[in-house]
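Student: The domain 'Pseudouridine synthase I TruA alpha/beta' annotation in TrEMBL covers A:9-107, A:146-249. For A:D55, the entry in TrEMBL reads active site, nucleophile. For A:Y113, the entry in TrEMBL reads substrate binding site.
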2 protein chains.
Amino acid sequence: MTTRYKLTIAYDGTKFHGFQKQKDLRTVEGVLEKAITKIAATGEEIKVFASGRTDAGVHALGQVVHFDYPRELDPESMLRAINTLMPLDVLVKKSEIVDSDFHARFNVKKKTYMYRVDLGHYTDPFKRFYTGHYPYPIDVEKIKIALQDVVGEHDFTSFAAAGGVIDYKVRTIYSATVEYNKENNELVFEFTGNGFLYNMVRILVATLLEIGNGRRDVHDFLRLYEVKDRQQARGTAQASGLYLKQVFY
Amino acid sequence: MTTRYKLTIAYDGTKFHGFQKQKDLRTVEGVLEKAITKIAATGEEIKVFASGRTDAGVHALGQVVHFDYPRELDPESMLRAINTLMPLDVLVKKSEIVDSDFHARFNVKKKTYMYRVDLGHYTDPFKRFYTGHYPYPIDVEKIKIALQDVVGEHDFTSFAAAGGVIDYKVRTIYSATVEYNKENNELVFEFTGNGFLYNMVRILVATLLEIGNGRRDVHDFLRLYEVKDRQQARGTAQASGLYLKQVFY
C-alpha cells in the first residue's frame, strides 16, 4: 500500500542544472528524490513526477510533483520532513494526499508562466538572476495589441525550439497579459494555456519585445503562425526571467 | 595633474568576500581597482577609497568611493567605461568629478543603512541572499517603541563587535525606523547616523527582533547603553539582510 502525495514547490533555478535529474549535476528533481528516498528509508529509490521540466536558470513559484510513499504520513508532517532536508533554494509550499490516479503531468489542465523583463539601461546587480534584460525603448501599448493575437488556439511551430519531440504544435492560450511596473521599471508578462512547447514562453517574449521596440509589425504573430518556421521568430528571452507560476488540475 | 572622481555604486554582496581588497579573493574593491587601473592604462595601480567597508554578503545600494585619475574624462564616459568592465553584480550608478580635497571616507556626514527581515516560517528561496530570516512572532509596536531609545547620542559599546579598533564608541543616530510590509511579510529597518561601529547595525537589529519577540524588555536599550558589554547584546543578524543605502557628504 502506497500513499500518493502532491507537492507544490518553489525554487530559485539559478544554481540548478534545470529540473530534470542528470548524473553528477545538481537538479531539483535530484534533491527532491534524494530527500524523499531518505525519509522513506526503505532502500528503494522513490521517483518523483513533475508537471513538466524547467530549464537551467528557470524559476518556479508553483511547480507541482507527485510521488508514491510506502506508508502514510499526515501531509503537514511530510511537508516539514522534506523541507528539513531541502537546500535553501527549494521550498515545499504545500503537501496534499491525492487519489492514486492523480498524475502531476498527465492531469494538467492549464499552466501559468510569468516572465519578468528589466528595462533598465544597465543590468541591475540584484536582478541579474531574476529577470530578463531588455535595455531598449518599448511601447507597451504595441505589446498589448500583439498579445491579443497570442490568445486563442494557434499552431505555435514558429515558437518551438528545435529539438522538441512533439509533432502536434497546436496549443490554446487562455490569457496573455503584460503590466508595466513603474516602480522597478519592469515588464511582467503572464501566459496561461493548456500547454507550452519547449522554450515557447521565452520565444514569445523575445518576439513581443521586438514588437514593442518597433522592429516587428504589431500583427507579426499572424504571419508567424502561418509560416511555421522557427527561424522567423529568432530570439529566445533569457532563462533568468521565467517563472512557472501555477499548475492547474 | 590628476582628476578626482566620486562614484556611487551598487553591488550584490552575495558572491564577494566583502568590500576590502584581499589577496586571491573576489572583493568589490578588487574588481573596481582592476577596472579603473585598466582604463587609466598607465601601468600604475589606481587606488580606490570607499566611505567604509562592507562585510561578506552585505549589499550596497549607494556605496561611495573616490579615486584619482591621471587624465580628465567626462563623468558619463567614465561611468560607461567602468561599467563595461564590471561584473554583473556591481553597477556604477553615478559618476562625478569632485574637488581634490574630497575624501569618500573622511568627509562622510552621515550614512543610511537598510535591513530587511523575512518573517516567513520557512526561508524563501528567492530571499535567502537578500534578507535576514526571523521565523518567530513579532510585535512591531514594541520595536517601534524601542527604536525611540536608539535615536540620539549614545555609547554603543554593547553593540560593537569584538575586534573593532575604535575606542570612542559614542555615535549619534538621527533616525531609526521600521516598516512592516504585508505583501512580502518583511520588516524593513532604516538607520541614519553619523557613524556606525563594526557590525553595529546587525547587532541593533538582532536586539530589536528579540524585543519584538518579547524576549527582552521594550526599554532594554537603556540598560545596554549603561552596561557597555557586548556579551549582553548577544546576537548579530545575518549579513544577507544588510544594505548600505546612502552616504551623505
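Heads up, the Cβ atoms here are built off N, Cα and C, so glycines get one too.
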Student: How far is it from A:Y113 (substrate binding site) to A:D55 (active site, nucleophile), counting Cα to Cα, in Å?
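Tutor: Cα-Cα distance, A:Y113 (substrate binding site) to A:D55 (active site, nucleophile): 13 Å.
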Student: Taking the domain 'Pseudouridine synthase I TruA alpha/beta' (A:146-249) alone, what is its mean pLDDT?
Tutor: 93
Student: Counting each residue once, how many in the domain 'Pseudouridine synthase I TruA alpha/beta' (A:9-107) are helix, strand and coil under DSSP?
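Tutor: The composition, in the requested order, is 27 helix, 25 strand, 47 coil.
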Student: Can you give me the same-chain residues 6 or more apart in sequence from A:D55 (active site, nucleophile) with a CB-CB distance under 8 Å?
Tutor: A:G13, A:G18, A:F19, A:N199, A:A239, A:L242
Student: For a quick check of packing: other C-beta atoms within 10 Å of the C-beta of the residue listed as 'substrate binding site', how many?
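Tutor: I count 24 other Cβ atoms within 10 Å of it.
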